[in-house]
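K.L.:
According to TrEMBL, the protein carries these features:
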| type | residues | note |
| --- | --- | --- |
| TRANSMEM | 21-42 | transmembrane segment |
| DOMAIN | 110-516 | domain 'Major facilitator superfamily (MFS) profile' |
| TRANSMEM | 151-170 | transmembrane segment |
| TRANSMEM | 177-196 | transmembrane segment |
| TRANSMEM | 202-225 | transmembrane segment |
| TRANSMEM | 237-258 | transmembrane segment |
| TRANSMEM | 264-282 | transmembrane segment |
| TRANSMEM | 347-368 | transmembrane segment |
| TRANSMEM | 374-395 | transmembrane segment |
| TRANSMEM | 402-421 | transmembrane segment |
| TRANSMEM | 427-450 | transmembrane segment |
| TRANSMEM | 462-482 | transmembrane segment |
| TRANSMEM | 488-511 | transmembrane segment |
Amino acid sequence: MPSFDEVLKEAGEFGRFQKRVFFLLSQTGITFSSLFASVVFLGRAPDNFWCRIPGAAELSERCGWTLEDERNFTVLPLHLGNESVSGECKRLDVTWDTSASCTSPLARYGNHSSGNLPLATCHDNWVYEQPHSSIISEYDLVCGNAWMLDLSQAILNLGFLAGAFILGYAADRYGRILIYLLSCLGVGICGIIVAFSPNFTVFLIFRFLQGVFGKGTWMTCYVLVTEIVGSDQRIVGIVIQIFFTLGIIILPGIAYLIPTWQGIQLAISLPNFLFLLYYWVVPESPRWLLTRKKGEKALKIMRNIAKHNGKFLSPHYSEITISNEEVSNPSFLDLVRTPQMRRNTLILMYAWFTSALIYQGLVMRLGIIGGNLYLDFFISGAVELPAAFLIIVTIDRVGRRLPFATSNIVASIACLITAFLPEDIPWLKTTVATLGRLSITIAFEVVYLVNSELYPTTLRNFGVSLCSSLCDLGGIIAPFLLFRLAAIWLELPLIIFSILAAICGLLVLLLPETRGISLPETVEDVEQLPSHFGKCGKKQKYRDTNSYI
């Protein structure tokens, strides 16, 4: 009986069929990255807003004031009395009634100058020039409520975290394509509800659920792509990251063209319904079918792949072998029960956490250093494009570990240098910061590939899900760490990023090299990786199997 890799080689490791499936599933990266970074534009700061004095709405209607008139009567006197008070979080502690003058509503307080009038903290009743431009103006996430914007991003990442566990487990038990399609449906439905949420609580609930399903789409499409190609073609796991970057690049254009946050939310959510059409063109992973003892279905799919690739499978094939390992419902203990699996799991979890924390921190840092938000975000996304090409050029020549470690070390050095560069040479500071962003992007993309290559088929989706869940934990922590530390010293977060990246760069050197090997099929295969891997990265054979690893 032939092994799966032998049958795949005969059917075509990256033929027309795999290229079509790869292109279709890669579109998921665009929608997922748009969801991932959407808070930057959904929560953009309103240009002008102020706290409305009680009774001002009625007086404004009676007097026929414009918003500009109302602002002049309420904010300017406050600002003249105390230049440090802008009128956004403080208001005059007065109340206007129908007896107030339309031309001088503060005249009744003539015994007091504007500077002597009492002030009150504003808790609600803000006025925005563009009330539906962002969730900040929609749900009053300003002043004392400003932290709720960070909460909305943390809730999304919490959804990613839950999705990694729940849907990762489900994909290993019920199949990759089924969970992928259900996740696409969930993202679309939850995205619509988010756009029309009547209050911030409903917004948070369905943003969490959109995160759960969003993680399901990205995770399962990635695993599907890596499982239907040969070992020499798993670089597609890196190429698919280009589509994630394309989503980052496209997002500011969408936000620039659509003036309301609801429109942006719908624009990044509705395309997920189109992915439901993949039911008719993307098959289940034959590797997964074999692990569930569904060899006939797997062989039927392999014959279909061969047909589309212009190849022909021997009619004598009646069964494909993949492993002698009994299939069971995966658990965390399966990932740490043996020495090599335990080491891989712990290092990969830290690598995911570090990459996500630094990556999201550097992205959100753009919002606190000033500049044109749309242009800066576009440039920061474009900077990521060379990352995938650099990986493609180097990863099959020098392996995975060296680029993985080097990118983390370079990111560490770049963050450290950026923190101490003077502000009067902005071009140099920007250049070094860009190098750091490029380097951590490389590290982020390599960890996707390495993670999927270091787990056996029966545990692959669960292993990727569990380890990548630390990515979501990093995403939950990132906004709070960035803004709290930046309040102490703007560059302090960069120091923390530098330390974390340096540690990660050293740890990943302890991982086994996976260049040029077939995906491991059993835990025993993973345990044998270090001792059966040649220094030159050439394919080696296990003593007890006929398949390459």
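Just so it is clear, glycine is given a Cβ too, placed from its N, Cα and C backbone atoms.
Unlike curated records, TrEMBL annotations are generated automatically.
Locate each feature and note its surroundings.
P.N.:
Using a Cβ-Cβ cut-off under 8 Å and counting only residues 6 or more beyond its ends in the same chain, the transmembrane segment (151-170) has close neighbours at 35-36, 39, 42-43, 135, 141, 179, 183, 203-204, 207-216, 219-220, 329-330, 461-462, 464-466, 468-469, 471-473, 475-476, 479-480.
With a cut-off of 8 Å between Cβ atoms, the residues of this chain six or more beyond the transmembrane segment (202-225) that come close are 21-22, 25-26, 28-29, 31-32, 35-36, 135, 139, 151-152, 155-164, 166-168, 170-171, 176-177, 179-180, 182-187, 190-191, 193-194, 236-237, 240, 269, 272, 275, 282, 285, 448, 452, 460-461, 464-465, 468, 472.
Listed by sequence, the residues of this chain that lie at least six past the ends of the transmembrane segment (237-258) yet keep a Cβ under 8 A from its Cβ atoms are 22, 25-34, 36-38, 40-41, 44, 221-222, 225-226, 264, 267-268, 373-375, 377-378, 380-382, 384-385, 387-388, 391-392, 395, 441, 444-446, 448-449, 452.
Packing against the transmembrane segment (264-282) from elsewhere in the chain are residues 20-21, 24-25, 27-28, 30-31, 34-35, 38, 41-42, 177, 180-181, 184-185, 187-188, 190-192, 194-195, 210, 217, 224, 251, 254-255, 258: each is 6 or more residues past its ends and has a CB under 8 Å from a CB in it.
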K.L.:
Looking at the stretches 21-42, 177-196, 402-421, 427-450, 462-482, which one shares the most CB pairs under 8 Å with the transmembrane segment (347-368)?
P.N.:
462-482
K.L.:
Going along the chain, which residues at least six beyond the ends of the transmembrane segment (488-511) come within the CB cut-off of under 8 Å?
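P.N.:
Tertiary neighbours of the transmembrane segment (488-511) are 343-344, 347-348, 350-351, 354-355, 357-358, 361-362, 365, 368-369, 400-401, 404-409, 411-413, 415-416, 418-420, 436, 440, 443, 450, 454, 481-482.
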K.L.:
Using Cβ atoms only, state whether the transmembrane segment (374-395) and the transmembrane segment (427-450) have three or more pairs under 8 Å that are 6 or more apart in sequence.
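P.N.:
Contact confirmed: at least 3 Cβ pairs fall under 8 Å.
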